[in-house]
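These notes are about the structure you will find just below.
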Amino acid sequence: MKTKLNIYNMQFLLFVFLVWDPARLVLANIQEDEAKNNITIFTRILDRLLDGYDNRLRPGLGDSITEVFTNIYVTSFGPVSDTDMEYTIDVFFRQKWKDERLKFKGPMNILRLNNLMASKIWTPDTFFHNGKKSVAHNMTMPNKLLRIQDDGTLLYTMRLTVQAECPMHLEDFPMDAHSCPLKFGSYAYTTSEVTYIWTYNASDSVQVAPDGSRLNQYDLLGQSIGKETIKSSTGEYTVMTAHFHLKRKIGYFVIQTYLPCIMTVILSQVSFWLNRESVPARTVFGVTTVLTMTTLSISARNSLPKVAYATAMDWFIAVCYAFVFSALIEFATVNYFTKRGWAWDGKSVVNDKKKEKASVMIQNNAYAVAVANYAPNLSKDPVLSTISKSATTPEPNKKPENKPAEAKKTFNSVSKIDRMSRIVFPVLFGTFNLVYWATYLNREPVLGVSP
């Protein structure tokens, strides 16, 4: 019984093998034939599309206006150059339009092609109005994509790196904000022939990759879109504009400029607490702080374009410079009105005492010599003896002479001007900082959106 079952199983497996293997080969041949047929059909469609196609003529020539729908995907934004007033942006630039000459029928609805086909059909002659330099990436092949739908709608995408102008108004620098435009349109076709339209709304027509910001000194606040028409001697042209809104980060400038300026002003006010007679020390404080402020003002301007107006940082540095220079002038004023105490307070009193003692000693010596010379005669003459005794006897009621008071030394005296400066200078500088930072930090960013 078991032997019969094994025989039946072997026969069944042999039957399946003999039947399935030819069927598999037939299916493989059918799929291969279908692939070959698809390639053949694909080639025939392309050949038929290009048969008699003139890529020198725009779609709808003499009949309708060609509408080009555009949108931008930003893969990298930055860096931004303040000195050159320009920025660099890396984008996928997408254009979409309809060409009735490229309609087709076939087993597929979309033909996915590369850059080779793009050179054989009409494409918009788009250029960037404010672009200084534009590069189309060609590694390892030209980064271009072309898709043709069966109704003649084309999608043309390319990867570009654009270096564009960004006009900046630096009155509020470094608390400033800017709107950098990216303008593009047709170079040869006027609005009566080709017009551009944003594909989506503002948030979708221009998108920035989440990790696309390459900015060290700015925050990318967002973007907006616009459209305008410009007139020239050759006609009216459509110009599409995308604005990228930037707000400068102030941290770098606080560390590099603001804090050193504040510390320099505070250092200049330390001289008010030194003795007014300490001329060398106060002179070093004044001259050093003035030179430091000069160096800071020069270095702060190196990273900026040579504009003809003063920025917010320039005003801050100018006021700090005024405080430092005023401290030096204050010392000069105090020094001018300071009396030299060591020239008359101490030495003149000592010299007067020495002169007085010398005159007394001379008088005593003369008196002693006279007494010695006349002593024998005094002893002989009773009248002279009596007169001598009466002359040498001091008067009991004579009051001692008052000694002249020593002049008060003024070596460690403090000037009234210094006392006032210790209060006035810090209060004024603190008030200035309060008004300055409250004004600029609470101000809404003004984005100069050019038309």
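Positions of Cβ are set from backbone N, Cα and C atoms, glycine also.
Here Swiss-Prot flags 1-28 as signal peptide, drawing on sequence analysis.
The topological domain 'Extracellular' annotation in Swiss-Prot covers 29-249 (among others) and is backed by a curator's inference. A mean pLDDT of 91 is what the model gives for the topological domain 'Extracellular' (29-249).
Residues or ranges marked as N-linked glycosylation site in Swiss-Prot (evidence: sequence analysis): ASN38 (among others).
The 4-aminobutanoate binding site annotation in Swiss-Prot covers ARG94, THR157. Secondary structure from DSSP puts THR157 (4-aminobutanoate binding site) in a beta strand.
Swiss-Prot lists ASN138 (among others) with the feature N-linked glycosylation site. Counting only same-chain residues six or more apart in sequence, none has a Cβ lying under 8 angstroms from the Cβ of ASN138 (N-linked glycosylation site).
Around CYS180 (disulfide bond), the same-chain residues six or more apart in sequence whose CB sits under 8 Å from its CB are VAL80, TYR87, ALA164, CYS166, HIS243, PHE244, LEU246, listed in sequence order. Annotated disulfide bond per Swiss-Prot: CYS166-CYS180, in sequence order.
Under the heading transmembrane segment, Swiss-Prot lists 250-270 (among others).
Positions annotated as topological domain 'Cytoplasmic' by Swiss-Prot: 271-280 (among others).
What Swiss-Prot lists as transmembrane segment is 281-300 (among others).
In the topological domain 'Extracellular' (301-311), helix, strand and coil residues by DSSP number 1 helix, 0 strand, 10 coil. The topological domain 'Extracellular' annotation in Swiss-Prot covers 301-311 (among others).
The feature transmembrane segment is assigned by Swiss-Prot to 312-332 (among others). Long-range contacts of the transmembrane segment (312-332) within its own chain (CB-CB distance under 8 A, at least 6 residues past either end) are made by residues 171-176, 253, 257-258, 261-262, 264-265, 268-269, 271-272, 282-283, 285-287, 289-290, 292-294, 296-297, 300-301, 417-418, 421, 425, 428-429, 432, 436, 440.
Annotation comment: Swiss-Prot describes 333-420 (among others) as topological domain 'Cytoplasmic'.
Per Swiss-Prot, the feature transmembrane segment maps to 421-441 (among others).
If you look up Swiss-Prot, you'll see 442-451 (among others) marked as topological domain 'Extracellular', on the strength of a curator's inference.
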- Message: Same chain only, please: residues at least 6 beyond the ends of the transmembrane segment (281-300) with a C-beta under 8 Å from a C-beta of the stretch. Say none if there are none.
- Response: 253, 256-257, 260-261, 264-265, 267-268, 270-271, 274, 313-314, 317-318, 320-321, 324-325, 327-328, 331, 335
- Reduced to three DSSP states, the topological domain 'Cytoplasmic' (271-280) has 5 helix, 0 strand, 5 coil
- Query: According to DSSP, does ASN138 (N-linked glycosylation site) fall in a helix, a strand, or coil?
  - Reply: coil
- Item | Count of other CB atoms lying within 10 Å of the CB belonging to ARG94 (4-aminobutanoate binding site) | 17
- CB contacts for THR157 (4-aminobutanoate binding site) [other CB atoms within 10 A, all chains]: 17
- Item | Cβ atoms near CYS166 (disulfide bond) (within 10 Å, other residues, all chains) | 20
